[in-house]
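Undergrad: Please read through the structure below; I'll follow up with questions.
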Amino acid sequence: GVIPCGESCVFIPCINKKKCSCKNKVCYRD
């Protein structure tokens, strides 16, 4: 929830679902 993963989840979910979660249309790690 703090560190950006460099992914966006506007149209598709986060690619790295195990480490990253979607928040505010951006994927964050933890």
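Glycine too: its Cβ is placed from the backbone N, Cα and C atoms.
Pasting the feature list from Swiss-Prot:
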- Cys5-Cys20: disulfide bond (DISULFID)
- Cys9-Cys22: disulfide bond (DISULFID)
- Cys14-Cys27: disulfide bond (DISULFID)
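Show me how these features fit into the shown structure, please.
TA: Here Cys20 (disulfide bond) comes close to Cys5, Glu7, Cys14, Cys27, Tyr28, Arg29: these same-chain residues lie at least six apart in sequence, with C-beta atoms under 8 angstroms from its C-beta.
Cβ environment of Cys9 (disulfide bond): Cys22, Lys25, Val26, Cys27 lie under 8 Å away, each six or more residues apart in the same chain.
The secondary structure of Cys27 (disulfide bond), as reduced to three states from DSSP, is extended strand.
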Undergrad: Cβ neighbours within 10 Å, counted over all protein chains: which one of the disulfide-bonded residues Cys14, Cys27 has the most?
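TA: Compared across Cys14, Cys27, the most Cβ atoms within 10 Å surround Cys27.
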Undergrad: In DSSP terms, helix, strand or coil for Cys9 (disulfide bond)?
TA: coil
